[in-house]
Amino acid sequence: MRIKDTLNLGKTKFKMRGNLPVREAEWEKEWEDNHLYEQRLKLNEGHPRFDLHDGPPFANGNIHMGHALNKISKDIIVRYKNMNGYYAPYVPGWDTHGLPVEQQLAKKGIDRKTMDRAKYRELCRQYAEEQVQKQMTDFKRLGVMADWDNPYITLQHEFEGQEIRVFGEMYKKGYIYKGKKPVYWSWSSESTLAEAEVEYKDVEANSIFVAFPVVDSKGIIDPKDTYFVIWTTTPWTIPANEAICVNPKFDYSVVQVGDKKYVVATGLLDKVAEEIGWDDYKVVQTVKGADMEYMKAKHPLYDKESLVTEGFHVTLDDGTGLVHTAPGFGADDFNVGQKYDLPVFSPVDAHGRYTDEVPELEGMFYQDVDKLMVEKLKDAGALLKLKVFTHSYPHDWRTKKPVIFRATTQWFASIAPFRDQILEQIDNAKFIPSWGKTRLYNMIKDRGDWVISRQRAWGVPLPIFYAEDGTPIVTPETIEHIAEIFDKEGSNAWYTHTAKELLPEGFTSEHSPNGEFTKEKDILDVWFDSGSSWSGVMEKRDGLHYPADLYLEGSDQYRGWFNSSLITSVAVTGKAPYKEVLSQGFVLDDKGHKMSKSLGNVISPNDVIKRMGAEIIRLWVAQADTTSDVAVSMGILQQSAESYRKIRNTFRYMLANTSDFDPKENGVAYDDLRSVDQYMEIKLNDLVAECLAAYDKFDFTTVFKKIFNFISNDLSAFYLDFAKDVLYIEGKNSLERRSMQTVIYDAAVKLTKILTPILPHTMEEIWGFLKEPEDYVQLANMPKVENYTNHDELLENWGKFMNLRDDVLKALEDARNKKLIGKSFEAAVTIYPDKETKAMLDDLDADFRQILIVSKLTIVDGEAPENAEKLNNASIVVEHAEGEVCPRCRMIRTDIGEDPKLPELCERCAKIVEEDFPEAAQEGLEE
């Protein structure tokens, strides 16, 4: 018999390489074929619920790394909750209406303006449904477990019907109204935009200081050769000027410059003088802003007057303290105009071109008017200074073109009547990170009314009729009738039926004596679509629950979905749609740049999956602090792949060395485990407790860090490091070996369960090698936290031993550097411990020689010799061990040959072989 055959060498078919791109897809098919999502929910029926409501991504193109971060994060949470006993369904959603779909059709040469509206919308629907299927395939391939057969999609008939009911409730309560006011207007997409559809970019702009001649100063200042100085960054709005706004609390200086006088805010005088170039000026008078109200100036270009008004939005941050006010082109301007009954003059059309209301500018694009105004003011002698500067300006988030403020007639949702209720609901909700609460609170506190109408084709139509005299018709009966039609036919019914067919049978109105009605042409803002999903999905679907326990999206959704959902939910039910909000940062490259094709830094999840596997992306998510921006690059993903390899190889070692272990037959009770095995069991138990607590806080970064640290330090660098001397060398059924196998097997089971939400494919593969009752690890529950009575005592003593071990490893390294030894098993170590360390060693009563992986260990209770290395907890002498290397245990021993039956082996190995392989004692051994 060969010596090798007497060793208990580990064996496993669990491969070192995961072959993830191939194996993952096989697992996903198996999960789907065996209905694992449904099986898990069935196991948890009647248990406490956990409802994560999926914020719907827009259905357009393949998924990007931001999608992957979001969906994997949700999947980790839902998988954990299900394995921890919660009934945690997950219904994925898609946002499908809106401009991007129309843009894609335009690229194909389809013109919505020349096509029947219903047919055009059908093409939009087809495109959106194709995109949903494309993204669904991508999400499934990330290993996301969900109710893929029953997703919610904002174009579904029932969803659209319920959205109409949400609108109807808000209308009934008086929150919806029609009005004319300035809104974000995208000339590039010919529609209004919500705040959430606007992004800011730095652009160069003309800023001008303009002199408005004073014509009526109420007798307070001399109007002769006196000018109000305004500053604006939008010269193109000068034709629409109706007023000059001052802050009633500020002081204003009348400044003599040559033979002219100028009025500016006292607090900005020095800055303005420097900007314009007034070298020699003198303050001749100071007046209060409050006293300037109702003064008048002459428009420098047009035959009209400009009224001086008050406004607390006027600041001393920039400009002159006198604000050019055009009620048709700005929110603050509009509010001032309402107070003073000024005209809402907005002579720019949907394409950003001036109308015939300013004849000489008719047909000119507003940006061209910008340059023209500078020239005209210069020619009129009214331009005091032109300066080109860079500032942050709103752009359409889809077309990337600048937007303008433009007063148009729109439908609005007023939040003022229930703003306090919303703020109270924000206070009641929990936010991760905690600053999210303040951010959303301030947004709601400061936000104006929500413009909910859009001048587009692809969306849910505003369910409003108009009577013959133009009166809007919206009643509970008309709303429910339309909702029921949409439930059956979808919102395209609005375009395939006449107004009469869409109204309840026999409907009449005093405003339509002839019984004629027309339909509203505008559609609802897409944020109203997704913002009503709490009702169309969580409230109305069987098996789901409202309010949701968690909303999890990117931090841009504080002004998007978190915001719109909150408004509609509180408006209709009085409560927030979520109990908790978790926001994540954006995915950037490793240099902190946004991903873009022009920079060439785009990483596609599908490409990564083909090269490395979805598990590597999932591990990247688990390793990242997602509450702030998250970096990704091929280098970073390579680091995740290295972490994966470390985890996989550790599991391979554990599986190989427990392949002959059956927990029912060979398991050792905790009280019978060796001290070092109990210590590892306690460390494992503490890890379980820490990981469950971190999962409960949705902190899977901590889960991964704790597990990786345990695998790297507690297992690989310590327990499994000295395990070979037990697992390979000791008798197959010896207490020492079975004790250690008990712990290793337990660690494999518990680590597999805890890692399943993060690495489901790999953990499912590992589960197949464990002797556990559940067919799939996803059908198993998270490990329970045990209570060990000797927990504190063992942790303290073994903690002290680990400090001593550090000393020994240091001494061994020094001996290696001095060429005294090569490997640690060549060493004979003598320890002279301090009093506390000696007491610890006596208490633990363990095989420290084995644990330290040395051939000989002597502990001396006495004074250390001169040649001892003085370290933190002991003095240590390292020498080369005397004797020969035992070919079986590889230790240097002086007792080789003492057993005449097996003269090749040391006494320990000879005894083990005689017990386990009696035939070897008779026949002898060979190398």
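Quick reminder: no glycine exception, Cβ is built from N, Cα and C everywhere.
The Cβ of GLU553 (L-isoleucyl-5'-AMP binding site) has GLY55, ASN70, GLY560, TRP561, PHE562, SER583, GLN584 as same-chain neighbours under 8 Å, each 6 or more residues away in sequence. Look at Swiss-Prot and you will find GLU553 tagged as L-isoleucyl-5'-AMP binding site, backed by sequence analysis.
The ATP binding site annotation in Swiss-Prot covers LYS597. The local packing around LYS597 (ATP binding site), expressed as other Cβ atoms within 10 Å of its Cβ over all shown chains, amounts to 7.
The Zn(2+) binding site annotation in Swiss-Prot covers CYS886, CYS889, CYS906, CYS909 and is backed by sequence analysis. Residues near CYS889 (Zn(2+) binding site) in space but far in sequence (CB under 8 A, at least 6 apart, same chain), listed by position: ASP725, ILE729, CYS906, ARG908, CYS909.
Note on the motif ''HIGH' region' (57-67): mean pLDDT across this stretch is 93. Annotation source Swiss-Prot lists motif ''HIGH' region' at 57-67.
Residues or ranges marked as motif ''KMSKS' region' in Swiss-Prot: 594-598. Packing against the motif ''KMSKS' region' (594-598) from elsewhere in the chain are residues 64-65, 586-588: each is 6 or more residues past its ends and has a CB under 8 Å from a CB in it.
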Inter-residue Cα distance where the pair is CYS886 (Zn(2+) binding site) and LYS597 (ATP binding site), in Å: 63
Cβ-based neighbourhood (8 Å from the centroid) of the Zn(2+) site, residues CYS886, CYS889, CYS906, CYS909 excluded: ILE729, PRO887, ARG888, ARG890, MET891, ARG893, ILE896, LEU905, GLU907, ARG908, ALA910
Other CB atoms, at most 10 A from the CB of CYS909 (Zn(2+) binding site): 27
Neighbour tally for CYS906 (Zn(2+) binding site), based on other Cβ positions within 10 Å of its Cβ: 26
Around the Cβ of CYS886 (Zn(2+) binding site), the count of other Cβ atoms that are within 10 Å: 22
